[in-house]
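Asker: Attaching a single structure in structure tokens format; questions to follow.
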Amino acid sequence: MLSFSRSIAFSVLFKIWFGFSVVTFRGTAGDSLRHDEEEQCGDYEVYTTGMQTVDLGERRTGQDPTEDTFTVEDAVEAIGFGKFQWKLSILTGLSWMADAMEMMILSVISPQLHCEWMLPSWKVAMLTSVVFIGMMFSSTLWGNISDKYGRKVGLTMCMMWVLYYGFLSAFSPAYGWVMVLRGLVGFGIGGAPQSVTLYSEFLPRKSRATCIMLIQIFWALGAVFEVLLAIWIMPTMGWRWLLGLSTAPLVVFVIFCFWLPESPRFDVLSGNRENAMKTLRLIAADNGKTMPLGKLIANKQEERGRIRDLLTPQYRRTTLLLWFIWFANAFSYYGLVLLTTELFQAGDACVITQGAKTEPKCNLECKYLTLDDYKDLLWTTLAEFPGLFVTLFLIDRIGRKKSMAMCFLMFSVCILPLNACVGRVALTVFIFIARAFITGGFQVAYVYTPEVYPTATRALGIGTCSGMARVGALLTPFVSQVLLKKSVYLTLSVYCIFCLLATGASMLLPIETTGLGLQESSRITAGQEEMKTGQMSNGSEASPTHTSYGSSYNS
């Protein structure tokens, strides 16, 4: 007890002399006063600015607990995962489901409109590309809105936008109207990744990767549901009904979005500590847990939503590599989705190549999707599930970087056999495996990106990465639908090469985020810089115990 008093006195004198705090105490509600006659003691920890933990031993519980402080990260870790996160998973998952359905519908209605309106192949490709053009221009904008005005504001606005224009596109009278309205749908979908920003900021460290991966199940469910809906709707009711009914998950989201809370990390960063405390108490009550004792503290307020912050020396290498990884991922993923219907309609790669030699220049010949085509499309879409589960098993065992690299590499390996004249069964199997791995790689990127950026630029970081992904998705129809008619071998080689380059880019990322807490600030202390440098040199994982890379405490 005497040594503890001396430590407190020394820290107070040090603070008065040098003008800043050396240590910050943290306690939890579990360390509350025990109503016994004898003195009780509890274990407390001291956190220095160098991110190292020192055990002070015992502290008398008779001291005022309000002297303790805690951060949002501490509160989220103390509250843990519970009922609140389950409800949030379902609600944010609906936005992912809607995103997947709007994307999957492109491979279903393109052949239909090609035949119904006698469209040349380049106009069919433009139906897909215009959606990605809208997403490309809006992704950064939605990220900026989410960083400046709140995650809830950005996500709710973009989902309402998609619902309105998605339903309206079902009434398109001509090709031009479809182009404009689907482009506006794409503009709204560009904000869908902000659901990951919001969701990740409510998750404790140990369950973050697992939960973000599992929420991607809603994407897989959306893709599968869209194919099943097409099997039911297309033969009898047509593509207009399919477009209208595909907005169902968005209707449910809009109805329940009033419950969606704002991120306490955003509230604290923007100076709304009262709102942050209110949200944290709500989560604690919902999960049946107790809040940490003391006062909620935060970093000094920073400018939010500035693109130049992503290209500072601290983040430049990470940002540029992530932009390419997201580009290659979307380019390959959506390319495979579109390539699947083309290959299934032809039967195998050789038929496409032989048909290209005699194909008319205007390319008005069309072929409707058959029931067998829909069934094979369903089987390859189901590959989303094993891809998620395999990556889920690996992501915390071998790390984010190696998981992404492995997924890109395996995709390239599975694409190579498609150059041969394989039969329909073998074609389905190889596409199934390739889609499983490219899906897994995409989801690891969604886990890694919010972990590597601080709260002030997290939404913008995901937004710009998503924007680069949309550039890849914008270009891929001209490869998978236009270039394919000229040379199937050149088409498959393009996808293979890009994924091999993405494999190398994944391994060159400067930091492995496995085991690290979400960053609250872009300011790095000496201790944190040492930790980061150590990871960059040997790729070792940070200890998951009380580690929050890039955060600094200011009492």
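Just so it is clear, glycine is given a Cβ too, placed from its N, Cα and C backbone atoms.
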Asker: According to TrEMBL, which listed range is transmembrane segment: 100-120, 121-141?
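Answerer: Matching range for transmembrane segment: 121-141.
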Asker: Over the domain 'Major facilitator superfamily (MFS) profile' (88-514), what does the predicted model average in pLDDT?
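Answerer: It averages 82.
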Asker: Relative to the transmembrane segment (377-395), which of 211-233, 320-339, 458-476 accounts for the most Cβ pairs at distances under 8 Å?
Answerer: 211-233
Asker: Report, as numbers and ranges, every residue of the chain located at least six residues beyond the transmembrane segment (239-260) whose Cβ falls under 8 Å of a Cβ in that stretch; write 'none' if there are none.
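Answerer: Residues 87-88, 91, 94-95, 97-98, 101-102, 105, 108-109, 112-113, 116, 152, 155-156, 159-160, 162-163, 166-167, 169-172, 198, 222, 226, 229-230, 233.
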Asker: Sequence-remote contacts (6 or more beyond its ends) of the transmembrane segment (177-199), Cβ cut-off under 8 Å?
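Answerer: Distant Cβ neighbours of the transmembrane segment (177-199) are 88-89, 92, 95-96, 98-99, 102-103, 113, 126-127, 130-139, 141-143, 145-146, 151-152, 154-155, 157-159, 161-162, 165-166, 168-169, 211-212, 215, 260, 263, 446, 450, 458-459, 462-463, 466-467, 470.
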Asker: When each of 121-141, 320-339, 407-438 is checked against the transmembrane segment (458-476) for Cβ pairs under 8 Å, which one has the most?
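Answerer: When the Cβ pairs under 8 Å are tallied, 320-339 comes out ahead.
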